[in-house]
Amino acid sequence: MAHTLAQKILQKHTDQQVGEAGQIVRCRVSMALANDITAPLAIKSFRAMGAGKVFDKDRVALVMDHFTPQKDIDSAIQVKNTREFAAQMGITHYYEGGEAGVEHALLPELGLVGPGDIVVGADSHTCTYGGLGAFATGLGSTDVAGAMALGETWFKVPPSIRVSYRGTMPAHVGAKDLVLQLIGHIGVDGALYKALEFDGPVVDAMSVEGRMTIANMAIEAGGKCGLFPSDDLTLAYTAARGRNDEKLSADQDAVYERSLSFDVSDLAPQIACPHLPENVRPVTEVQGVQIHQAVIGSCTNGRISDLREAAAVLRGRKVHKSVRCIVLPATPGIWKQALREGLIETFMDAGCIVGPATCGPCLGGHMGILADGERAIATTNRNFRGRMGSLESEVYLSNPSVAAASAVAGEIADPRGL
(Lines of atoms letter the chains of each structure in order from A and count residues from 1; the text may use other names and numbers.)
(Lines give C-alpha, C1' and ligand atoms only; values in the text may rest on other atoms or scores of the structure.)
Protein backbone atom coordinates (compact mmCIF):
# COMPACT_ATOMS: atom_id res chain seq x y z
CA MET A 1 0.00 0.00 0.00
CA ALA A 2 1.04 3.61 -0.50
CA HIS A 3 2.38 5.24 2.64
CA THR A 4 2.10 8.68 4.13
CA LEU A 5 5.36 10.08 5.48
CA ALA A 6 4.37 9.07 9.01
CA GLN A 7 3.66 5.49 7.91
CA LYS A 8 6.87 5.35 5.89
CA ILE A 9 9.05 6.34 8.85
CA LEU A 10 7.31 3.94 11.21
CA GLN A 11 7.86 1.17 8.65
CA LYS A 12 11.62 1.85 8.69
CA HIS A 13 11.74 1.11 12.40
CA THR A 14 9.54 -1.97 12.78
CA ASP A 15 9.52 -5.56 11.59
CA GLN A 16 5.75 -5.46 11.28
CA GLN A 17 3.95 -4.46 8.12
CA VAL A 18 2.59 -0.98 8.72
CA GLY A 19 -0.97 -0.72 7.51
CA GLU A 20 -3.83 1.66 8.07
CA ALA A 21 -4.31 4.20 10.81
CA GLY A 22 -5.12 2.70 14.18
CA GLN A 23 -2.75 -0.26 13.93
CA ILE A 24 -0.46 -0.79 16.93
CA VAL A 25 3.21 -1.17 16.02
CA ARG A 26 6.38 -1.62 18.05
CA CYS A 27 9.20 0.55 16.74
CA ARG A 28 12.88 0.96 17.46
CA VAL A 29 13.75 4.48 18.58
CA SER A 30 16.62 6.56 17.25
CA MET A 31 16.83 8.85 20.29
CA ALA A 32 15.16 9.10 23.69
CA LEU A 33 15.14 12.52 25.34
CA ALA A 34 14.31 14.12 28.68
CA ASN A 35 14.99 17.42 30.44
CA ASP A 36 15.56 18.67 33.97
CA ILE A 37 11.83 18.56 34.79
CA THR A 38 10.94 15.24 33.18
CA ALA A 39 14.19 13.28 33.53
CA PRO A 40 13.85 12.81 37.32
CA LEU A 41 10.43 11.24 36.76
CA ALA A 42 11.80 9.02 33.99
CA ILE A 43 14.75 8.00 36.16
CA LYS A 44 12.39 7.03 38.98
CA SER A 45 10.39 4.82 36.59
CA PHE A 46 13.59 3.46 35.04
CA ARG A 47 14.80 2.28 38.44
CA ALA A 48 11.35 0.99 39.45
CA MET A 49 11.23 -1.30 36.43
CA GLY A 50 14.59 -2.77 37.42
CA ALA A 51 16.51 -1.55 34.39
CA GLY A 52 20.25 -1.72 34.92
CA LYS A 53 21.44 0.21 31.89
CA VAL A 54 20.20 2.33 29.01
CA PHE A 55 19.79 0.59 25.68
CA ASP A 56 22.48 2.71 24.01
CA LYS A 57 24.48 5.39 25.82
CA ASP A 58 24.80 7.33 22.54
CA ARG A 59 21.06 7.42 21.86
CA VAL A 60 19.79 8.91 25.09
CA ALA A 61 19.92 12.69 25.55
CA LEU A 62 19.39 14.55 28.81
CA VAL A 63 19.26 18.33 28.46
CA MET A 64 19.07 20.66 31.45
CA ASP A 65 17.13 23.59 30.03
CA HIS A 66 13.85 24.42 31.76
CA PHE A 67 14.76 25.71 35.23
CA THR A 68 18.41 26.36 34.43
CA PRO A 69 20.60 28.05 35.44
CA GLN A 70 19.13 26.38 38.53
CA LYS A 71 16.59 28.84 39.90
CA ASP A 72 16.15 27.37 43.39
CA ILE A 73 17.12 24.47 45.64
CA ASP A 74 14.52 22.08 44.22
CA SER A 75 15.65 22.63 40.64
CA ALA A 76 19.28 22.25 41.72
CA ILE A 77 18.44 18.88 43.28
CA GLN A 78 16.66 17.74 40.11
CA VAL A 79 19.66 18.63 37.97
CA LYS A 80 22.09 17.03 40.44
CA ASN A 81 20.14 13.76 40.44
CA THR A 82 19.96 13.73 36.65
CA ARG A 83 23.68 14.48 36.35
CA GLU A 84 24.51 11.58 38.66
CA PHE A 85 22.27 9.21 36.69
CA ALA A 86 23.90 10.26 33.41
CA ALA A 87 27.34 9.59 34.86
CA GLN A 88 26.28 6.23 36.26
CA MET A 89 24.82 5.15 32.90
CA GLY A 90 27.72 6.59 30.88
CA ILE A 91 25.28 8.67 28.82
CA THR A 92 27.18 10.54 26.13
CA HIS A 93 24.67 13.30 25.49
CA TYR A 94 24.21 14.95 28.85
CA TYR A 95 24.11 18.74 28.56
CA GLU A 96 24.25 21.25 31.39
CA GLY A 97 25.60 24.74 31.98
CA GLY A 98 27.53 26.29 29.12
CA GLU A 99 27.02 23.21 26.93
CA ALA A 100 23.25 23.17 27.32
CA GLY A 101 20.58 25.00 25.39
CA VAL A 102 16.88 24.70 24.74
CA GLU A 103 16.64 20.99 23.94
CA HIS A 104 14.67 21.24 20.71
CA ALA A 105 17.13 23.74 19.27
CA LEU A 106 20.20 21.98 20.66
CA LEU A 107 19.66 18.46 19.32
CA PRO A 108 19.24 19.52 15.67
CA GLU A 109 22.23 21.86 15.99
CA LEU A 110 24.39 18.97 17.22
CA GLY A 111 23.21 16.60 14.49
CA LEU A 112 21.60 14.22 16.97
CA VAL A 113 18.29 14.02 15.09
CA GLY A 114 17.50 13.89 11.40
CA PRO A 115 15.33 12.61 8.54
CA GLY A 116 13.69 9.24 9.03
CA ASP A 117 14.51 9.05 12.73
CA ILE A 118 12.04 8.13 15.43
CA VAL A 119 12.57 10.42 18.40
CA VAL A 120 10.64 10.17 21.65
CA GLY A 121 10.98 12.80 24.31
CA ALA A 122 9.50 13.50 27.71
CA ASP A 123 8.50 16.92 26.45
CA SER A 124 5.48 17.75 24.32
CA HIS A 125 7.45 19.87 21.85
CA THR A 126 9.63 16.96 20.79
CA CYS A 127 7.56 17.20 17.60
CA THR A 128 9.94 20.01 16.56
CA TYR A 129 12.22 17.51 14.81
CA GLY A 130 9.50 16.82 12.27
CA GLY A 131 10.89 19.91 10.56
CA LEU A 132 13.86 17.71 9.66
CA GLY A 133 11.65 14.83 8.56
CA ALA A 134 11.79 12.82 11.79
CA PHE A 135 8.80 11.11 13.37
CA ALA A 136 9.22 12.89 16.69
CA THR A 137 6.69 12.98 19.47
CA GLY A 138 6.31 13.66 23.15
CA LEU A 139 5.61 10.82 25.55
CA GLY A 140 5.08 10.61 29.29
CA SER A 141 8.16 10.15 31.44
CA THR A 142 7.25 6.52 32.19
CA ASP A 143 7.09 5.65 28.49
CA VAL A 144 10.38 7.45 27.87
CA ALA A 145 11.92 5.44 30.72
CA GLY A 146 10.85 2.29 28.90
CA ALA A 147 12.36 3.56 25.66
CA MET A 148 15.61 4.42 27.47
CA ALA A 149 15.79 0.86 28.77
CA LEU A 150 14.52 -1.10 25.76
CA GLY A 151 15.31 1.08 22.76
CA GLU A 152 11.78 0.66 21.47
CA THR A 153 8.22 1.74 22.15
CA TRP A 154 4.75 1.28 20.71
CA PHE A 155 2.69 3.60 18.56
CA LYS A 156 -0.79 3.66 17.15
CA VAL A 157 -0.33 4.49 13.48
CA PRO A 158 -1.77 8.00 13.15
CA PRO A 159 -3.98 9.18 10.31
CA SER A 160 -2.40 12.06 8.42
CA ILE A 161 -3.71 15.49 7.49
CA ARG A 162 -2.04 17.03 4.46
CA VAL A 163 -1.39 20.77 4.76
CA SER A 164 -0.23 22.55 1.59
CA TYR A 165 0.99 26.14 1.34
CA ARG A 166 1.18 28.17 -1.87
CA GLY A 167 1.71 31.80 -2.83
CA THR A 168 4.34 34.39 -1.93
CA MET A 169 5.19 35.17 1.68
CA PRO A 170 4.54 38.87 2.48
CA ALA A 171 6.97 41.03 4.43
CA HIS A 172 7.08 40.37 8.19
CA VAL A 173 5.16 37.12 7.74
CA GLY A 174 6.96 33.89 8.57
CA ALA A 175 6.58 30.28 9.57
CA LYS A 176 5.06 31.20 12.94
CA ASP A 177 2.20 32.96 11.18
CA LEU A 178 1.51 29.94 9.01
CA VAL A 179 1.20 27.59 11.95
CA LEU A 180 -0.87 30.05 13.99
CA GLN A 181 -3.21 30.42 11.02
CA LEU A 182 -3.52 26.64 10.83
CA ILE A 183 -4.25 26.24 14.53
CA GLY A 184 -6.79 29.04 14.33
CA HIS A 185 -8.45 27.20 11.45
CA ILE A 186 -8.63 23.67 12.88
CA GLY A 187 -8.54 24.36 16.62
CA VAL A 188 -6.43 22.99 19.45
CA ASP A 189 -7.95 19.53 18.96
CA GLY A 190 -8.20 19.63 15.18
CA ALA A 191 -5.35 17.17 14.69
CA LEU A 192 -5.77 15.08 17.82
CA TYR A 193 -3.42 12.07 17.51
CA LYS A 194 -2.95 12.80 13.83
CA ALA A 195 0.18 13.50 11.82
CA LEU A 196 0.26 16.91 10.17
CA GLU A 197 2.19 16.53 6.90
CA PHE A 198 3.27 19.78 5.25
CA ASP A 199 4.12 20.43 1.60
CA GLY A 200 3.69 22.87 -1.26
CA PRO A 201 5.79 25.57 -2.96
CA VAL A 202 6.05 27.69 0.20
CA VAL A 203 7.38 24.71 2.14
CA ASP A 204 9.85 23.90 -0.64
CA ALA A 205 11.33 27.39 -0.29
CA MET A 206 11.17 27.52 3.49
CA SER A 207 14.31 27.28 5.61
CA VAL A 208 14.81 24.26 7.83
CA GLU A 209 14.55 26.57 10.84
CA GLY A 210 11.15 27.77 9.63
CA ARG A 211 10.00 24.19 9.18
CA MET A 212 11.03 23.39 12.74
CA THR A 213 8.97 26.35 13.97
CA ILE A 214 5.86 24.92 12.32
CA ALA A 215 6.52 21.34 13.44
CA ASN A 216 7.12 22.61 16.97
CA MET A 217 3.52 23.78 17.26
CA ALA A 218 1.86 20.68 15.77
CA ILE A 219 1.09 19.64 19.33
CA GLU A 220 -0.87 22.87 19.84
CA ALA A 221 -3.42 21.45 17.40
CA GLY A 222 -3.30 18.10 19.22
CA GLY A 223 -1.02 16.55 16.61
CA LYS A 224 0.96 13.40 17.25
CA CYS A 225 3.67 14.90 15.08
CA GLY A 226 4.29 17.49 12.39
CA LEU A 227 6.22 16.22 9.38
CA PHE A 228 8.08 17.81 6.49
CA PRO A 229 9.61 15.90 3.57
CA SER A 230 13.38 15.87 3.69
CA ASP A 231 14.83 17.53 0.60
CA ASP A 232 18.08 19.15 -0.55
CA LEU A 233 17.71 21.90 2.07
CA THR A 234 17.29 19.31 4.80
CA LEU A 235 20.25 17.25 3.68
CA ALA A 236 22.46 20.33 3.46
CA TYR A 237 21.46 21.25 7.02
CA THR A 238 22.16 17.80 8.46
CA ALA A 239 25.34 17.26 6.40
CA ALA A 240 26.76 20.45 7.90
CA ARG A 241 26.25 18.76 11.26
CA GLY A 242 28.03 15.55 10.38
CA ARG A 243 25.12 13.40 9.21
CA ASN A 244 24.64 11.43 6.02
CA ASP A 245 20.89 11.32 5.45
CA GLU A 246 18.59 10.46 2.58
CA LYS A 247 15.59 12.25 1.14
CA LEU A 248 12.26 10.98 2.38
CA SER A 249 8.73 11.94 1.39
CA ALA A 250 5.23 10.51 1.28
CA ASP A 251 4.21 8.30 -1.62
CA GLN A 252 2.45 10.18 -4.41
CA ASP A 253 -0.75 8.18 -3.95
CA ALA A 254 -0.75 8.20 -0.15
CA VAL A 255 -4.19 8.43 1.42
CA TYR A 256 -4.87 11.31 3.82
CA GLU A 257 -7.74 11.70 6.24
CA ARG A 258 -8.08 15.31 5.17
CA SER A 259 -6.31 17.82 2.94
CA LEU A 260 -6.00 21.55 3.57
CA SER A 261 -4.57 24.22 1.29
CA PHE A 262 -3.65 27.82 2.15
CA ASP A 263 -2.60 30.72 -0.06
CA VAL A 264 -0.26 32.86 2.04
CA SER A 265 0.01 35.79 -0.38
CA ASP A 266 -2.34 38.06 1.57
CA LEU A 267 -1.61 36.71 5.04
CA ALA A 268 -1.00 39.31 7.76
CA PRO A 269 1.10 38.62 10.86
CA GLN A 270 -0.99 36.44 13.16
CA ILE A 271 -1.55 36.81 16.91
CA ALA A 272 -2.79 34.07 19.25
CA CYS A 273 -4.77 35.87 21.94
CA PRO A 274 -5.38 34.64 25.50
CA HIS A 275 -5.87 31.97 26.56
CA LEU A 276 -5.56 29.40 23.74
CA PRO A 277 -3.30 29.08 20.69
CA GLU A 278 -6.44 28.70 18.56
CA ASN A 279 -7.68 32.19 19.45
CA VAL A 280 -5.93 33.66 16.42
CA ARG A 281 -6.49 37.06 14.82
CA PRO A 282 -4.51 39.21 12.39
CA VAL A 283 -2.32 41.78 14.10
CA THR A 284 -4.49 44.56 12.67
CA GLU A 285 -7.33 43.45 14.95
CA VAL A 286 -5.18 43.32 18.09
CA GLN A 287 -2.78 46.23 17.72
CA GLY A 288 -2.96 48.81 20.46
CA VAL A 289 -3.25 46.35 23.36
CA GLN A 290 -0.80 47.49 26.04
CA ILE A 291 2.00 45.09 26.98
CA HIS A 292 4.48 44.95 29.85
CA GLN A 293 6.84 42.27 28.57
CA ALA A 294 8.11 40.90 25.26
CA VAL A 295 9.89 37.55 25.08
CA ILE A 296 11.96 36.60 22.04
CA GLY A 297 13.30 33.06 22.23
CA SER A 298 12.15 29.48 23.03
CA CYS A 299 12.19 26.22 21.08
CA THR A 300 9.73 27.83 18.67
CA ASN A 301 11.53 31.05 17.75
CA GLY A 302 14.93 31.24 19.44
CA ARG A 303 17.09 30.32 16.45
CA ILE A 304 19.47 32.61 14.59
CA SER A 305 16.98 33.44 11.83
CA ASP A 306 14.47 34.51 14.49
CA LEU A 307 17.03 36.72 16.22
CA ARG A 308 17.97 38.33 12.90
CA GLU A 309 14.30 39.07 12.27
CA ALA A 310 13.85 40.70 15.68
CA ALA A 311 17.12 42.63 15.45
CA ALA A 312 16.13 44.08 12.07
CA VAL A 313 13.12 45.70 13.74
CA LEU A 314 14.97 46.80 16.89
CA ARG A 315 18.04 48.22 15.15
CA GLY A 316 18.23 51.96 15.81
CA ARG A 317 15.14 51.88 18.04
CA LYS A 318 14.55 51.74 21.79
CA VAL A 319 12.37 49.41 23.82
CA HIS A 320 9.46 51.32 25.35
CA LYS A 321 10.14 52.42 28.92
CA SER A 322 7.17 50.42 30.23
CA VAL A 323 8.28 47.14 28.61
CA ARG A 324 10.77 44.47 29.61
CA CYS A 325 12.10 42.92 26.39
CA ILE A 326 13.79 39.61 27.14
CA VAL A 327 15.89 37.94 24.43
CA LEU A 328 17.00 34.34 25.00
CA PRO A 329 19.07 32.80 22.18
CA ALA A 330 18.18 29.11 22.25
CA THR A 331 21.67 27.57 22.36
CA PRO A 332 25.22 28.67 23.12
CA GLY A 333 25.98 28.20 19.43
CA ILE A 334 23.18 30.55 18.45
CA TRP A 335 24.31 33.00 21.15
CA LYS A 336 27.84 33.08 19.72
CA GLN A 337 26.56 33.46 16.17
CA ALA A 338 24.36 36.36 17.27
CA LEU A 339 27.37 37.91 18.97
CA ARG A 340 29.50 37.58 15.83
CA GLU A 341 26.78 39.17 13.70
CA GLY A 342 26.35 42.11 16.06
CA LEU A 343 22.82 41.11 17.02
CA ILE A 344 23.58 41.03 20.74
CA GLU A 345 24.84 44.60 20.56
CA THR A 346 21.70 45.60 18.68
CA PHE A 347 19.53 44.09 21.40
CA MET A 348 21.54 45.70 24.18
CA ASP A 349 21.54 49.09 22.47
CA ALA A 350 17.76 48.86 22.18
CA GLY A 351 17.46 48.24 25.92
CA CYS A 352 16.72 44.51 25.84
CA ILE A 353 17.66 42.02 28.55
CA VAL A 354 19.77 39.34 26.86
CA GLY A 355 19.87 36.13 28.86
CA PRO A 356 21.27 32.60 28.65
CA ALA A 357 20.02 29.70 26.58
CA THR A 358 17.08 28.59 28.69
CA CYS A 359 13.35 27.95 28.44
CA GLY A 360 12.98 30.45 31.27
CA PRO A 361 9.73 32.41 31.10
CA CYS A 362 8.04 30.26 28.45
CA LEU A 363 6.61 27.92 31.09
CA GLY A 364 6.56 30.47 33.89
CA GLY A 365 9.80 29.06 35.24
CA HIS A 366 12.00 32.09 35.80
CA MET A 367 13.66 35.05 34.07
CA GLY A 368 10.45 36.84 33.19
CA ILE A 369 7.43 35.97 35.34
CA LEU A 370 4.25 38.00 34.94
CA ALA A 371 2.38 39.64 37.81
CA ASP A 372 -1.39 40.07 38.16
CA GLY A 373 -2.73 42.22 35.35
CA GLU A 374 0.44 42.11 33.24
CA ARG A 375 0.47 41.20 29.56
CA ALA A 376 3.26 39.72 27.48
CA ILE A 377 3.77 39.18 23.80
CA ALA A 378 6.02 36.21 23.17
CA THR A 379 7.48 34.12 20.39
CA THR A 380 6.76 31.03 22.48
CA ASN A 381 4.17 28.35 21.76
CA ARG A 382 1.57 28.39 24.55
CA ASN A 383 -0.59 31.05 26.11
CA PHE A 384 -2.75 29.09 28.54
CA ARG A 385 -3.97 30.92 31.63
CA GLY A 386 -1.06 31.29 34.05
CA ARG A 387 1.45 29.93 31.55
CA MET A 388 3.98 32.72 32.17
CA GLY A 389 3.16 33.50 35.78
CA SER A 390 0.05 34.86 37.47
CA LEU A 391 -3.34 33.38 36.63
CA GLU A 392 -4.42 36.98 36.16
CA SER A 393 -1.80 37.68 33.48
CA GLU A 394 -2.14 37.33 29.71
CA VAL A 395 0.15 36.03 26.98
CA TYR A 396 -0.15 36.83 23.27
CA LEU A 397 1.81 34.71 20.78
CA SER A 398 3.47 36.18 17.69
CA ASN A 399 6.39 36.01 15.32
CA PRO A 400 9.71 37.72 16.24
CA SER A 401 9.05 40.83 14.12
CA VAL A 402 5.76 41.52 15.85
CA ALA A 403 7.25 40.89 19.30
CA ALA A 404 10.09 43.32 18.58
CA ALA A 405 7.80 45.98 17.14
CA SER A 406 5.50 45.66 20.14
CA ALA A 407 8.43 46.03 22.54
CA VAL A 408 9.25 49.35 20.87
CA ALA A 409 5.67 50.60 20.78
CA GLY A 410 4.69 49.50 24.30
CA GLU A 411 1.63 47.87 22.79
CA ILE A 412 0.93 45.16 20.26
CA ALA A 413 2.13 46.65 16.99
CA ASP A 414 2.26 45.78 13.32
CA PRO A 415 5.91 45.84 12.17
CA ARG A 416 4.73 46.81 8.70
CA GLY A 417 3.74 50.18 10.15
CA LEU A 418 7.02 51.09 11.84
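Cβ atoms here come from the backbone N, Cα and C positions, even for glycine.
The [4Fe-4S] cluster binding site annotation in Swiss-Prot covers Cys299, Cys359, Cys362 and rests on sequence analysis.
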Practice item. Have a look around Cys359 ([4Fe-4S] cluster binding site) and count the other CB atoms within 10 A of its CB, chains all included. Key: 30
Check your understanding: If you draw a 10 Å sphere on the Cβ of Cys299 ([4Fe-4S] cluster binding site), how many other Cβ atoms land inside?
Key -> 26
Review point. Are there any residues in the same chain, six or more apart in sequence, whose C-beta is under 8 angstroms from the C-beta of Cys362 ([4Fe-4S] cluster binding site), and if so which?
Key: Val295, Gly297, Ser298, Cys299, Ala378, Thr380, Asn381, Arg382, Arg387, Met388
Review point. Per DSSP, Cys359 ([4Fe-4S] cluster binding site) is which: helix, strand or coil?
Key: coil
Revision key, fill the gap. Same-chain shell around [4Fe-4S] cluster excluding Cys299, Cys359, Cys362, C-beta within 8 angstroms of the CB centroid, reads Asp65, His66, Val102, His104, His125, Gly297, Ser298, Thr300, Gly302, Ala330, Thr358, Gly360, Leu363, Thr380, Asn381
